[in-house]
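Peer 1: Encoded as structure tokens, here's the structure I'll be asking about.
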């Protein structure tokens, strides 16, 4: 039996199980009825996002099918679907007057575009990259890096997909003029040095990217951004990994809903995987390898549902706890819950809150969350994939 036949059979079994999204009762969480998953961890199984498209050998001529595969709060993200294909042919950048063929020229256009790359390239941006609405940055088929300069800003826009690229060693942007559309060049005060900043935006999906070693955060979701899915990414070698929520006093972030699923939080990470303020974070089927301070934290009464994750604590006695509340007290009623998580090497999760905690997904957003023991397989291919034309992506 071939590798892909086994994958298909296991995926079919995986997707047919009843959904684990019931209301949560009691202080310590619910225990949903056991689904008939394999007792032993299978070696060839794909998560629901990947099984939607990766087995198709015609992915290169049907790239926009990817937009049908997101799950969770960002599942309706269109990106550049139904727009033209725009091909990046060179790595050069001009922040004010970008030239055709450059990445910046594509992302600032007003119309929907599905952006691909003609060849491998390392893009060092002159200033932060302002991405307009209805854009997909699709790195499949090439090795694409954005590195050694300012990186990506998704601000006050909607429907953006970033897939299959590496973003690392990002630096703060300079104060100065940056073009954000064909008709607008605005003065920017200078970006913080995040890999990706999502500011006041909705319907954003970050999938199969590699993120590491930036000046500030790897992903910041702030200023009432919502309908976000962050999936299948590989994070490594960084301090403050992922921030969800601007600050404790920014009450509009109560509307924020973010799904963090199927990611691999690898070695050399310190904290914020994620750190949440006010909003709702569904953290599902992620792998955590030996964080240095804590894995999941928050302040300002966020709701955090940790489901089916795989936590491996470090050998240090002071970093066994998964959770951290960024306050000295008063958090007993915060709704932080764990269900079907796996804890290794002494890792433990401190829950809080009472009563039910429904998962507010629509029928289109729901996906089956596997038990935590399957996570090593479900996250084995996190980060950019090796995609060859006329064949599936590995």
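Using the three backbone atoms N, Cα and C, a Cβ is placed for every residue, glycine included.
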Peer 1: Which of 192, 248, 253 does Swiss-Prot put in the same Ca(2+) site as 216, 220?
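Peer 2: So, going by the record in Swiss-Prot, that would be 192.
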Peer 1: Does DSSP give residue 192 (Ca(2+) binding site) helix, strand or coil?
Peer 2: coil
Peer 1: Any idea what the Cα distance is from residue 272 (active site) over to residue 192 (Ca(2+) binding site), rounded to a whole Å?
Peer 2: 17
Peer 1: With every protein chain in view, how many other Cβ atoms are within 10 Å of the Cβ of residue 272 (active site)?
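Peer 2: Within a 10 Å radius of the Cβ of residue 272 (active site) lie 26 other Cβ atoms.
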Peer 1: Using a 10 Å cut-off on CB atoms, tell me which of the binding-site residues 216, 220 is the least crowded.
Peer 2: 216
